[in-house]
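Student: First the structure, which I've put down as structure tokens, then a few questions once you've had a look.
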Amino acid sequence: MTQGKLSVANKAPGTEGQQHQANGEKKDAPAVPSAPPSYEEATSGEGLKAGTFPQGPTAVPLHPSWAYVDPSGSSGYEGGFPAGHHEHFTTFSWDDQKVRRLFIRKVYTILLVQLLVTLAVVALFTFCDVVKDYVQANPGWYWASYAVFFATYLTLACCSGPRRHFPWNLILLTIFTLSMAYLTGMLSSYYNTTSVLLCLVITALVCLSVTIFSFQTKFDFTSCQGVLFVLLMTLFFSGLLLAVLLPFQYVPWLHAVYAVLGAGVFTLFLAFDTQLLMGNRRHSLSPEEYIFGALNIYLDIIYIFTFFLQLFGTNRE
């Protein structure tokens, strides 16, 4: 059956007519019905080869910010995977995803070390009465730590050179973490031990939930920079108002509102900074900015803890 199909398909068109004309026979021979076209003939056509299908729009592979300059000026990754065109991605796209996963792993490793150091300092200042009494009796160390924190933060946030070059980036981040841990530990020393532990648990649950939600949701928090800026300015001026009113009169409900606002704002900033690591949002961080990524998320978590401490904490007697 296959041989017969191939013999009919391979027969040149018009061969029978030429044989009849050569023998002088016209319209005497019965017409032979044409065989159905073969698979090769049916799938072949103009502009298409046999066995191929028409190509859709070419998918653009992802590019890291250090290998691609975005004309619009936004850094990082753009757009994610276009739906329905995964087969068009080149090997570079998958390599790029490996770079992004390595970047996220590096950021959270650094963040884990920062949080463990801070937790150790907070535990020392909370449970050790000798250390607690010393830091409360010497507030000068607090202001010195605040100055170191502010200087290292400005250096890491504003200067890309020290932030990207090893080992200066790790040295600055270590100094920054130790100073911030001292500030957090001293603040915790004024609160009851049970309150500190409760706020630690609440902070851990909130941060874990926000992180999982930020990785799973399709909502792009990185496109809400304007809203976050307005909320941050509201928080800033509310803090100034409290600083002015505090020497004259302490208003508990106003302080509670400020703590709720602060915890909410930095929870949103935690979602924003988490999605900056992912690379498939409107804005994202370069894989070289692992120090900056860890710095932002660490600050968000510390600020959430301190605002929860102001909201739920009980002062020591």
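Glycine is treated like the rest: Cβ placed from N, Cα and C.
Annotations for this protein, taken from Swiss-Prot, read as follows:
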type	residues	note
REGION	1-54	region 'Disordered'
TRANSMEM	107-127	transmembrane segment
TRANSMEM	139-159	transmembrane segment
TRANSMEM	166-186	transmembrane segment
CARBOHYD	Asn192	N-linked glycosylation site
TRANSMEM	195-215	transmembrane segment
TRANSMEM	226-246	transmembrane segment
TRANSMEM	252-272	transmembrane segment
TRANSMEM	291-311	transmembrane segment
Student: For the transmembrane segment (107-127) and the transmembrane segment (226-246), does the number of C-beta pairs under 8 Å, pairs 6 or more apart in sequence, reach 3 or more?
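Tutor: In this chain the transmembrane segment (107-127) does not contact the transmembrane segment (226-246) - fewer than 3 Cβ pairs sit under 8 Å.
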Student: Do any residues, 6 or more residues outside the transmembrane segment (195-215), come within under 8 Å Cβ-to-Cβ of it, and if so which ones?
Tutor: 119, 122, 126, 188, 221, 267, 270-271, 274-275, 278, 300-301, 304-305, 308-309, 312-314
Student: Are there at least 3 C-beta pairs under 8 angstroms linking the transmembrane segment (139-159) and the transmembrane segment (291-311), leaving out pairs fewer than 6 apart in sequence?
Tutor: yes
Student: Which residues of the same chain, at least 6 past either end of the transmembrane segment (139-159), have a Cβ under 8 Å from a Cβ in it?
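Tutor: Cβ under 8 Å, 6 or more out: 169, 172-173, 175-176, 179-180, 182-183, 186, 291-292, 295.
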Student: Would you mind checking how many other C-beta atoms are within 10 angstroms of the C-beta on the residue listed as 'N-linked glycosylation site'?
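Tutor: So the Cβ neighbour count for the residue listed as 'N-linked glycosylation site' comes to 15.
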Student: So if I exclude everything within five residues of the ends of the transmembrane segment (252-272), which remaining residues of that chain have a CB under 8 angstroms from its CBs? That is, six or more out.
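Tutor: Beyond its ends, the transmembrane segment (252-272) has Cβ neighbours at 206-207, 210-211, 213-214, 221-222, 224-225, 228, 231-232, 234-235, 238-239, 242, 245, 296-297, 300-301, 303-304, 307-308, 310-311.
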Student: Going along the chain, which residues at least six beyond the ends of the transmembrane segment (226-246) come within the CB cut-off of under 8 Å?
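Tutor: Cβ under 8 Å, 6 or more out: 254-255, 257-258, 261-262, 264-265, 268-269, 272.
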Student: Could you check what DSSP calls Asn192 (N-linked glycosylation site) once collapsed to helix, strand or coil?
Tutor: coil
